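According to TrEMBL, the features are:
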- B:CYS96, B:CYS99, B:CYS136, B:CYS139: Zn(2+) binding site (BINDING)
- B:HIS128: Fe cation binding site (BINDING)
Protein chains: 2
Amino acid sequence: MSELHLKNALDTLKATGVRITPQRHAILEYLINSMSHPTADEIYKSLEGKFPNMSVATVYNNLRVFREAGLVKELTYGDAASRFDFVTNDHYHMICEGCGKITDFHYPALKEVEHFASHVTGYKVNSHRLEVYGTCPDCLEQKNKQVL
Amino acid sequence: MSELHLKNALDTLKATGVRITPQRHAILEYLINSMSHPTADEIYKSLEGKFPNMSVATVYNNLRVFREAGLVKELTYGDAASRFDFVTNDHYHMICEGCGKITDFHYPALKEVEHFASHVTGYKVNSHRLEVYGTCPDCLEQKNKQVL
DNA sequence: ACACTATTTATAACGATTATCAATTAATAA
DNA sequence: TTATTAATTGATAATCGTTATAAATAGTGT
């Protein structure tokens, strides 16, 4: 099924008039197969075996292309490096404050909040961002060990 | 009432063993009176009249102190500068994608989402972040003008 | 094959933030 | 009040993620 995602993504790019270069193909493939919301640098490092000459700029440039095509979401974290998430269906992120792990979870889109916000502020609403922060099971276990 | 906020904030700091310097006093005061979710640099520039010798580092350092004391929330935006929000009551942010303006709005805290997420992922939930993105009335008006 | 444009690569530049460290200062106790 | 001392400040350099630039390369259509 990741095959299908890749094919759809490539079609979307073609339709927008974007060339499919080997680098773009590889970055997309990596994003789709990755379960880990990688940073640009992680993608860069993971592909340097296949593309010893690829520049970091290429990764950034193409992530922007993908973002503008709606294929990829950028998760920004202030000073820290952005993480990139291949867009499949609507889901939210649960983020561990201990180790930084990101776990996806599904939840019916919060359209009521959008409507409410639009009504109160007079804005035309476009999208929203929701993240939940906490401690993952692994880090919880670690904490328990420390107490003993 | 902003007087009260300031007094409470100073008490909180004292209780944590943090010294009240003139710079800290001024930064806190500015944050409380500001309706605009300022960046560190905006705070720095606004106070350079009063403190011609104050360093940007001091602003950053103290914003971190305030954040760690729970007095201030940092709103991070990837590459762009963080904005700082004096913590009063729970509210969310509506952000204009046109001009960057931030408008507060109140909404009953999304505890159900937290519970749901905790149940599904096994994390211990701590907090969440919700932001709504759209276009503010001013920018909407501008867009309408352009169409004519 | 040719010209034209998109893309890549390498590198320099940028901007926000943090680290460093000597100089200063607020809080505390004598 | 004054002395003491650890916290804080201020100036500057350093860091890090990201973007701009410009030359080299690769596709694409004629």
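Note that the numbers count up from 1, one per residue, in the order the chain is shown.
Including glycine, each Cβ sits where the backbone N, Cα and C put it.
A TrEMBL annotation is a machine prediction, not a hand-curated record.
The structure displayed is predicted, hence computed values, not measured ones.
Taking 8 Å as the upper bound (exclusive) on CB-CB distance to chain A, the binding-site residues B:CYS99, B:HIS128, B:CYS136, B:CYS139 give B:HIS128, B:CYS136 in sequence order. A separation of roughly 29 Å, to the nearest angstrom, links the Cα atoms of B:CYS139 (Zn(2+) binding site) and B:HIS128 (Fe cation binding site). Between the CA atoms of B:CYS136 (Zn(2+) binding site) and B:HIS128 (Fe cation binding site) there is a gap of 24 Å, rounded to the nearest whole number. Rounded to the nearest whole angstrom, the C-alpha distance between the residue listed as 'Fe cation binding site' and B:CYS96 (Zn(2+) binding site) is 21.
Cβ neighbour count within 10 Å across all protein chains ranks B:CYS139 highest among the binding-site residues B:CYS99, B:CYS139. When secondary structure is read from DSSP and collapsed to three states, B:CYS139 (Zn(2+) binding site) falls in the helix class.
DSSP classifies the residue listed as 'Fe cation binding site' as strand under the three-state reduction.
The Cβ of the residue listed as 'Fe cation binding site' has 19 other Cβ atoms within 10 Å, all protein chains considered.
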